[in-house]
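What follows is a set of notes on a single structure, which appears directly below.
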Amino acid sequence: MQKQNIVILGSTGSIGKSTLSVIENNPQKYHAFALVGGKNVETMFEQCIKFRPHFAALDDVNAAKILREKLIAHHIPTEVLAGQRAICELAAHPDADQIMASIVGAAGLLPTLSAVKAGKRVLLANKESLVTCGQLFIDAVKNYGAKLLPVDSEHNAIFQSLPPEAQEKIGFCPLSELGVSKIILTGSGGPFRYTPLEQFASITPEQAVAHPNWSMGKKISVDSATMMNKGLEYIEARWLFNASAEEMEVIIHPQSIIHSMVRYVDGSVIAQMGNPDMRTPIAETMAYPHRTFAGVEPLDFFKIKELTFIEPDFNRYPNLKLAIDAFAAGQYATTAMNAANEIAVQAFLDRQISFMDIAKINLKTIEKISPYTIQNIDDVLEIDAQAREIAKTLIRE
């Protein structure tokens, strides 16, 4: 069996590291062909020494120069590239078999689209591709003959709970024809699901990044605390599974053992369960339609005391409601919301605004952008840039 060449867009981040762990557990099946990062020289250097990729690329030109010098000094033959164009070329490299698209934020958009346009098998962990590009992205997957597999634990759970006909028609699955009545998206509710609302004004960045169940980066941890993460996943799920608002349900499940579910018209509910470890969905997408060892502890049913479910409270999670409404408003609104949220979360982490200001800035940014029909990627980038400037101005006020 020939090894699969994997390109990891975002290898220095949380998902990237988990992907390398799966590769390490399956050295006979996978090879880390190219590793891509932002400007984290130290982590990339360590990864190059351990995994010996053909290529390593950093978005930051100066960081790439330092990395190149370090690798030469250690006699590591990995070729170092720099900048967005080089990253996009690696995402479409003819020798690449699978592309793990896990660069966080709008920065991951163009490299992910490059992989799609090269007809690659894309393991999608970058939320923004669908949140900002939606129909454009799904159409590109179809038109260029790419294969899309969802890595996010919730979407991967839904994917696994759907029939094979739906799995083969991502973005265009006729849910009702396949007997599906609802897609049930579960979320932990974050660290503040029981915190009294009057205490929200004094929530600190340290409290917000301490997620009870999952190990994640700071941005996604704050998004989990505001449930914007679930809002973005709602938008993604609607595009991935071609689901209407009526076919969607969002439930808070504090234990994060059930990762999402699918209701069928005959009364069945199929759920995917497992320990909260991203290596499971990563391994599932890498091996699909087969299975491979992920290095994850098996689920011990005797240790699970209970599984509980709570209806989401939009007073507690205004960002979740905002995301649902933004999808209904159109692509311009989800793009603006996503951009504003990136700026607002960073401002909160930098202690420039309060926890409750995040949702307010997101809403005000959408309200200041004129409704607009997005035709192409340039429109997306234009609205993204506009929204960021508006959000920055609101923060300064």
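Glycine residues also receive a Cβ, built from the backbone N, Cα and C atoms like all the rest.
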Have a look through Gly217, Gly231, Gly267 and flag the one Swiss-Prot assigns to the NADPH site that Thr12, Gly13, Ser14, Ile15, Gly38, Lys39, Asn40, Asn126, Glu128 belong to.
Gly217
The Mn(2+) site in Swiss-Prot lists Asp152, Glu154. Which one of Glu79, Glu89, Glu233 belongs there according to the record?
Glu233
If you count the other Cβ atoms within 10 Å of each Cβ, which of the binding-site residues Glu128, Glu154, Glu233 comes out on top?
Glu233
Looking only at C-alpha atoms, tell me how far Glu154 (1-deoxy-D-xylulose 5-phosphate binding site) is from Glu128 (NADPH binding site), rounded to the nearest Å.
16
Cα separation, Lys127 (1-deoxy-D-xylulose 5-phosphate binding site) to Gly38 (NADPH binding site) (Å, whole number):
17
In whole Å, note down how far the CA of Thr12 (NADPH binding site) lies from the CA of Asn229 (1-deoxy-D-xylulose 5-phosphate binding site).
21
What binding-site residues in the list Thr12, Ser14, Asn40, Asp152 lie within 10 angstroms of Glu233 (1-deoxy-D-xylulose 5-phosphate binding site), counting C-alpha atoms?
Asp152
Using the recorded Mn(2+) site (Asp152, Glu154, Glu233) as reference, state which further residues of the same chain have their Cβ within 8 Å of the centre of those residues' Cβ atoms, listed in sequence order.
Lys127, Pro150, Ser153, His155, Asn156, Leu185, Asn229, Lys230, Leu232, Glu236, Ala237, Ser260
